[in-house]
Amino acid sequence: MAVTMEYEKDVKVAALDGKKIAVIGYGSQGHAHAQNLRDTGHDVIIGVRPGKSFDKAKEDGFDTYTVAEAAKLADVIMILAPDEIQQDLYEAEIAPNLEAGNAVGFAHGFNIHFEFIKVPADVDVFMCAPKGPGHLVRRTFEEGFGVPALYAVYQDATGNAKDIAMDWCKGVGSARVGLLETTYKEETEEDLFGEQAVLCGGLTALIEAGFEVLTEAGYAPELAYFEVLHEMKLIVDLIYEGGFKKMRQSISNTAEYGDYVSGPRVITEQVKENMKAVLADIQNGKFANDFVDDYKAGRPKLTAYREQAANLEIEKVGAELRKAMPFVGKNDDDAFKIYN
């Protein structure tokens, strides 16, 4: 189904004017939404549990409260805490403080679509989902443009939910570059599939498999790292800028010919069938329930997966090589933890 890109001129109603806005969570998306909205003249407070994020929000000049206090004070509440903690946070601290006519927003449809969170019928539920990480949402805003966003309405109690969603997207800078209307179902299922089958799960598995094929055939791990991981950014940047066409115009004829001949040998019809199975587990709620169950059990699976990933040879080789390549960027773990 074709969709129409919308821009600032299409945001007809200043639905957030005069509203007290509470951003719940001050992590990757939270700090960006809050700062951008404040810079566009909105009345923003922060609701977050005590800790680094609480301290960072105060340092950045926000009136900062507990989640319950912020929810009680606000007309519009945007929940930007991690997906897995949102249900407990909502039930314990937000739901008891909601009033008829309030609006509750999300940047991802996970908890609403899979019904971990159920909002009263007299409260609006909307979405503003910028298609980029929080630091990029903030940086591009400061540069005078923004990151494209999806917006959606799940529940329109007041008749104003769409206006609130669009005005929120305008406030964070996304309407400068383009908005696409979607649904909670579509955003949630497509986002999870993209992460799992292509952007995160599929990509890292492909890189790891390529590295293992080369090293198992006797090639030097350091050279294998450059061939299958380091150069990935160069190719992805070309695709990002101009699609497959620009990438293929920019590489050698040898590489282009190999692309056409060998790509389908790697990504076969069986791989597509595996992707369909991944999508099915997303659609039927299996993935969501497994993820939440693991969180409630203390994250044993996620912890084990992280330990396994940290011990991969490609990670160890890459860590050593990057020490000699300061141009690839500094890994500031402390800042990353504050904003995640």
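From the backbone N, Cα and C atoms, a Cβ is placed for every residue, glycine too.
Proximity of H108 (active site) to non-local residues of its own chain (separation of 6 or more, Cβ distance below 8 Å) is seen for D83, M127, A129, E187, T188, D191, given in sequence order. Among the features that Swiss-Prot reports, active site is placed at H108.
Reduced to three states, the DSSP call for S28 (NADP(+) binding site) is helix. What Swiss-Prot lists as NADP(+) binding site is Y26, G27, S28, Q29, R49, S53, D83, E84, I85, Q86, G134.
Sequence annotations record features per position, and here Swiss-Prot assigns Mg(2+) 2 binding site to D191, E227, E231. In sequence order, G210, L214 are the residues near E227 (Mg(2+) 2 binding site), counting only same-chain partners six or more apart with C-beta under 8 A.
With a 10 A radius on its CB, E195 (Mg(2+) 1 binding site) counts 14 other CB atoms from all the protein chains. The Mg(2+) 1 binding site annotation in Swiss-Prot covers D191, E195, and the record cites sequence analysis as its basis.
S252 (substrate binding site) has a Cβ environment of 8 other Cβ atoms inside 10 Å. Sequence annotations record features per position, and here Swiss-Prot assigns substrate binding site to S252 based on sequence analysis.
Taken from Swiss-Prot, the feature domain 'KARI N-terminal Rossmann' applies to 5-182, supported by sequence analysis.
Annotation source Swiss-Prot lists domain 'KARI C-terminal knotted' at 183-328, citing sequence analysis.
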Largest CA-to-CA spread of NADP(+) binders Y26, G27, S28, Q29, R49, S53, D83, E84, I85, Q86, G134, angstrom: 19
Residue among binding-site residues R49, G134, E231 with Cα closest to the Cα of S252 (substrate binding site): E231
Coarse DSSP state, helix versus strand versus coil, of H108 (active site): coil
Spatial separation of E195 (Mg(2+) 1 binding site) from E231 (Mg(2+) 2 binding site) - C-alpha basis, Å: 21
